[in-house]
Amino acid sequence: MSEKTVAVIGAGKMGELVLAGLLRSGHPAERVLATARRPERAAELADRYGVAVVSNAEAAARADILAIGVKPQDAGKVLDEIGATRKLVVSLCAGLPTTFFAARLPEGTPVIRVMTNTPALVGHAISAISPGAHATGEHVAIAEELFKPLGATVRVPEYQQDAVTAVSGSGPAYFYLMVEAMIEAGVLLGLPRQVAHELVVQTAVGSAVMLRDSGEHPAKLREAVTSPAGTTGAALHALEKHGIRAAFLDALTAARDRAQQIAAS
Ligand SMILES: NC(=O)C1=CN([C@@H]2O[C@H](COP(=O)(O)OP(=O)(O)OC[C@H]3O[C@@H](n4cnc5c(N)ncnc54)[C@H](OP(=O)(O)O)[C@@H]3O)[C@@H](O)[C@H]2O)C=CC1
Ligand SMILES: O=C(O)[C@@H]1CCC=N1
């Protein structure tokens, strides 16, 4: 892998995380290329990482692996600019199936679809990897190496990717919303904002670590907090009355449906 040249095409928020992860893992900067739309973004990337920021066409010509980090709506234009490449294409784009890329690239070009998430910034992403029709096990292994510095990786069949996007791609936003709402509630109950913030964030971190490290089902962990005729039961009753489970079912269905619309548009 370290002998391959990797180009991050559209190094925005997520593309930058891939680029930074590669460099962190010891990949030589001279074998990392980036592309950007705005000149000021190009300058920022070159300054921050010491990598060459080139045109999409030059990146496609020089690199062995093309990681596509643009918004799904910009992917068609980027592929036009890349031209007829046979290099391994690794897409970060939500919604777009590997066939979207395959249809615009020469027959047989390997394409891999990956859904990662923003905790990549702290090395705690979960990246789900799916090979397209012409991607081999070796290509999947390359994609795994590319995303390992960002956190955990998992292989999923491509038909599951829209569901993955709804669960873990968008997932951090649901947790942040919940944290935000709990802080506001703490303030309503009279806690200073900074205290409410610290209490909620550490509760989130502690609960997440327990979920990960105990191996227990979340229902079991919830039961352990819920004393008979206690405070937690009263709160859970209110959440259930407001339809929290149905809200999540609807929310994740909406995210999955949106991914499907992106593919169709
Ligand atoms: N944000 C998230 O949590 C997640 C996002 N994704 C997926 O990752 C992809 C990127 O999202 P995100 O990083 O949030 O978006 P950003 O807008 O931060 O990044 C997209 C980048 O692509 C650049 N770009 C657009 N068109 C071109 C072009 N023609 N040539 C070169 N560069 C171009 C943009 O440049 P400029 O800045 O100048 O506009 C921008 O820097 C999306 O497809 C999204 O679905 C996947 C998982 C999670
Ligand atoms: O909102 C989005 O479309 C992207 C994909 C997953 C997270 N953010």
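Backbone N, Cα and C atoms are what each Cβ position is placed from, and that goes for glycine too.
Here's what TrEMBL has on this protein:
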BINDING   ILE9, GLY10, ALA11, GLY12, LYS13, MET14  NADP(+) binding site
BINDING   ASN56  NADPH binding site
DOMAIN    5-95  domain 'Pyrroline-5-carboxylate reductase catalytic N-terminal'
DOMAIN    158-261  domain 'Pyrroline-5-carboxylate reductase dimerisation'
Where does ILE9 (NADP(+) binding site) sit in the DSSP three-state scheme?
-> strand
Cα-nearest neighbour of ASN56 (NADPH binding site) within the listed binding-site residues, ILE9, ALA11, LYS13 | ILE9
If you take the centroid of the Cβ atoms of ILE9, GLY10, ALA11, GLY12, LYS13, MET14, the listed NADP(+) site, which other residues of that chain have their Cβ within 8 Å of it?
-> VAL8, GLY15, GLU16, VAL18, ALA36, GLY69, VAL70, LEU92
Near ALA11 (NADP(+) binding site), how many other Cβ atoms are within 10 Å of its Cβ?
-> 29
Give the residue counts of the domain 'Pyrroline-5-carboxylate reductase dimerisation' (158-261) per reduced DSSP state, in the order helix, strand, coil.
-> 89 helix, 0 strand, 15 coil
DSSP state at MET14 (NADP(+) binding site), helix/strand/coil | helix
